[in-house]
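Trainee: Dumping the structure here so I can ask a few things about it.
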Ligand SMILES: NC(=O)CC[C@H](N)C(=O)O
């Protein structure tokens, strides 16, 4: 069955239907990872987005039990060049198409995804709709141009209630803005005694849990759509070590008086080189973000840039001058992608130890 992607700029891509038989709107973004489609489509930061994958063959190693980043993928749609019908891997339990059907996600295959990616690179991310062929294309283009992207994405994917993952180590409160399971997995590896709390938890409520550290998770949408979280981070600064990942990084910047802006087409992939300005070393990182911290906005703040993206020089890491707080725009938990930056969890542990030892910082 034929199905199409209609973009707000009037371009139409026709391919074959995979996954759920339904129409859906979303912001069309691209990811350049060669593997990791299961993690990508279940990463809650893609909530409401239609993701196109530039690697041409997707689904070849199937879908397994272990590699989900959330139980219910929040992705709006998936677009691929070729979807493998017969996956081959010892861990595979179902095909990509089966998963998309089970989770009610519409997909499209047979698309020239590299051409689609070039369109996005030129225009920036575009609103689009995956839908059947029997539709008035001009009407859809008009509607797409009139709609605005939703601003309530975080509340859709954040946990509704707090829960605990007990451990023998330091107590870490993980603020869930749509946290990837990979972050929790790394916390468990470090034996943290984790309490996961919803996005609207206040600083006072968090401090009442007597945390040794607070981890601000990744999450979908514009960081300015969650001003209550900025307030919360402000209330925690100086009281407890903070580690921010992706959306958490952007929230730390806003809480300290910095500013963020939308990027033209963002960074999404598993091979983004980042330079650590402290050591001069480079690392390969997993990335998925459409917003970035404006470096010039940091001039009158206590934040220092610690990492930059090699491809475009954008801010990738921050550290507070006076308080134990640092953040990265990329994903040290990987999933999917390289684990070069997993060491940042050790840095968090080191900050926690510094605080516990009562050592004055800065
Ligand atoms: N993965 C993330 O946390 C993404 C952060 C934010 N939603 C952005 O797109 O920039």
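Using the three backbone atoms N, Cα and C, a Cβ is placed for every residue, glycine included.
Values in this document were obtained by computation on a predicted structure and should not be read as measured data.
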Trainee: Do you know which of 45, 70 TrEMBL groups with 219, 221, 247, 250, 288, 290, 291 in the L-glutamine site?
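Mentor: That L-glutamine site, as TrEMBL gives it, pairs 219, 221, 247, 250, 288, 290, 291 with 45.
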Trainee: Test of understanding: give the count of other CB atoms lying within 10 angstroms of the CB of residue 333 (active site).
Mentor: 27
Trainee: Check each residue in the chain of residue 45 (L-glutamine binding site) that is at least six apart in sequence and keep those whose C-beta is under 8 Å from its C-beta; list them in sequence order.
Mentor: 178, 180, 218, 219, 220, 246, 247, 288, 289
Trainee: Need one number: mean pLDDT over the domain 'Carbamoyl-phosphate synthase small subunit N-terminal' (1-131).
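Mentor: Mean pLDDT across the domain 'Carbamoyl-phosphate synthase small subunit N-terminal' (1-131) comes out at 98.
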Trainee: From the recorded positions listed here (219, 221, 331, 333), select those whose CB sits under 6 A from an atom of ligand 1.
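Mentor: Within range of ligand 1: 219, 221.
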Trainee: Where does residue 331 (active site) sit in DSSP terms: helix, strand, or coil?
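Mentor: In three-state terms, residue 331 (active site) counts as strand.
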Trainee: DSSP three-state call for residue 291 (L-glutamine binding site): helix, strand or coil?
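Mentor: Once the DSSP labels are grouped into three classes, residue 291 (L-glutamine binding site) ends up as strand.
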Trainee: If you measure residue 331 (active site) to residue 221 (L-glutamine binding site) at Cα, how many Å is it?
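Mentor: Taking the Cα atoms only, residue 331 (active site) lies 16 Å from residue 221 (L-glutamine binding site).
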